[in-house]
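Right, one structure below, let's go through it.
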Amino acid sequence: MMHFKSGLELTELQNMTVPEDDNVSNDSNDFTEVENGQINSKFISDRESRRSLTNSHLEKRKCDEYIPGTTSLGMSVFNLSNAIMGSGILGLAFALANTGILLFLILLTSVTLLSIYSINLLLICSKETGCMVYEKLGEQVFGTTGKLVIFGATSLQNTGAMLSYLFIVKNELPSAIKSLMGEEDAFSAWYVDGRVLVVMVTFGIILPLCLLKNLGYLGYTSGFSLSCMMFFLIVVIYKKFQTPCMSVEQNSTVSANVTDACTPKYVTFNSKTVYALPTIAFAFVCHPSVLPIYSELKDRSQKKMQMVSNISFFAMFVMYFLTAIFGYLTFYEKVQSDLLHKYQSTGDILILTVRLAVIVAVILTVPVLFFTVRSSLFELAKKTKFHLCRHVLVTIILLIIINLLVIFIPSMKDIFGVVGVTSANMLIFILPSSLYLKITNQDGDKGTQRIWAALFLGLGVLFSLISIPLVIYDWACSSGTDEGH
């Protein structure tokens, strides 16, 4: 997903100063019962319990390093929308084609509402602990294990996003070059091979950007990326009315088959239906960016940030649904997991323009995500001090691994499927609910909320138990030919 910068510094929330409890003071007025020269054990137990409470307040305040936010509500909505928006939008028409309009709308609405609820849980956890960094929140609640799990989930999500962006380069750059050369799609040469081009782009453009110590241009790329995706949506809607369904079925000779192929399906099930929910989940993940955006919000409060998330998710819901429905109604069951790849840019300046804009946007966004993944690795290895040789070596090795994956992964649906059922599920369902349940473990006043959070956690676990085996089963049963190529 498009990630929000927040000054490349993840600030933390400062809670109200915890008032000192007079009962916990070491007053000389405390009365100590002595029996046979020994202090009453009940008193010791009570004293230790109160000291433990004081220590817990001190622990809570470890996260209270606060710089007041300066970002307006409107700009925060824009930043969160940037964080939500990503390559997932290109796979939604494919998800709709394999579920039907009605079922897709139900799934899209459900994931939108559940994502908003998970952010609500995350904000409550942040308020209770005072932490404004996702990883530190995990460490505060679950210790080192929590920190490692959140690092792993966010790194996998960012890696999946990078893979999808580079897959767009692999898919779209050859078509753009052929169009600029005036060649047909059938034209083949080594310099229009997507595998060669993605390696050239990675080590010619992305590597130098990733080697920088800081990314000063980060604030500009997210806005540019969101603008490109909005431009893409406008083109998708426009092309629906410019592309007759008959042209999709160029090889069809039977009009009855064409008529059937051009009829929208409202509910459908097939072997690719399993990818719908992971793709939608992948498209809505923004949780690692929520707390940094919250920390920058002017006059922040949980209610105000919840309003930011509600507006952002509603806007993305509308944008996602429009892209999916118009993309589907243009190509019907012939739509691919990369919607943009289905449009022919030869002789079409509009498609060529949007294709080039999206390519530039994703190329500039990859280093942003790469910085996050590399920083996480250095943090885990406790190698936070800058070292040039290590910096260069790790960067090159990671980019080689990512390129190999992009070259051999057959289609974008596989990326959406794997990341959707693993890290996206963790970040949306499992982690926020687990953190909330742990934090409110001793709070008897939140019984109803804890039941809902437990059901939410169970839903995430169920999602994994059902989706992961089905995705693996589809891989095992898939033929050599793939629609995503």
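Each Cβ is built from the backbone N, Cα and C atoms, and glycine gets one as well.
In Swiss-Prot this protein carries:
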- 1-74: topological domain 'Cytoplasmic' (TOPO_DOM)
- 75-97: transmembrane segment (TRANSMEM)
- 98-112: topological domain 'Extracellular' (TOPO_DOM)
- 113-133: transmembrane segment (TRANSMEM)
- 134-148: topological domain 'Cytoplasmic' (TOPO_DOM)
- 149-169: transmembrane segment (TRANSMEM)
- 170-188: topological domain 'Extracellular' (TOPO_DOM)
- 189-211: transmembrane segment (TRANSMEM)
- 212-216: topological domain 'Cytoplasmic' (TOPO_DOM)
- 217-237: transmembrane segment (TRANSMEM)
- 238-273: topological domain 'Extracellular' (TOPO_DOM)
- C245-C262: disulfide bond (DISULFID)
- N251: N-linked glycosylation site (CARBOHYD)
- N257: N-linked glycosylation site (CARBOHYD)
- 274-294: transmembrane segment (TRANSMEM)
- 295-310: topological domain 'Cytoplasmic' (TOPO_DOM)
- 311-331: transmembrane segment (TRANSMEM)
- 332-348: topological domain 'Extracellular' (TOPO_DOM)
- 349-369: transmembrane segment (TRANSMEM)
- 370-391: topological domain 'Cytoplasmic' (TOPO_DOM)
- 392-412: transmembrane segment (TRANSMEM)
- 415-435: transmembrane segment (TRANSMEM)
- 436-450: topological domain 'Cytoplasmic' (TOPO_DOM)
- 451-471: transmembrane segment (TRANSMEM)
- 472-485: topological domain 'Extracellular' (TOPO_DOM)
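Of the two recorded stretches, the transmembrane segment (451-471) does not lie close to the transmembrane segment (189-211), with fewer than three CB pairs under 8 Å once pairs fewer than 6 apart in sequence are set aside. If you draw a 10 Å sphere around the CB of C245 (disulfide bond), it holds 17 other CB atoms from the protein chains shown. Note on C262 (disulfide bond): other Cβ atoms within 10 Å of its Cβ, all shown chains, come to 16.
No contact links the transmembrane segment (75-97) to the transmembrane segment (189-211), because fewer than 3 Cβ pairs that are 6 or more residues apart lie under 8 A.
Long-range contacts of the topological domain 'Extracellular' (98-112) within its own chain (CB-CB distance under 8 A, at least 6 residues past either end) are made by residues 92, 264-270, 272-273, 275-277, 280-281, 284, 313-314, 316-317, 320-321, 324-325, 328, 428.
Here the transmembrane segment (349-369) sits against the transmembrane segment (149-169); at least 3 CB pairs are under 8 Å, leaving out pairs fewer than 6 apart in sequence. Two recorded stretches are said to be in contact when at least 3 C-beta pairs lie under 8 angstroms, sequence spacing 6 or more; the transmembrane segment (415-435) and the transmembrane segment (189-211) fall short of this definition. 274-294 is the stretch from 149-169, 189-211, 274-294, 392-412 with the greatest number of Cβ pairs below 8 Å to the transmembrane segment (113-133).
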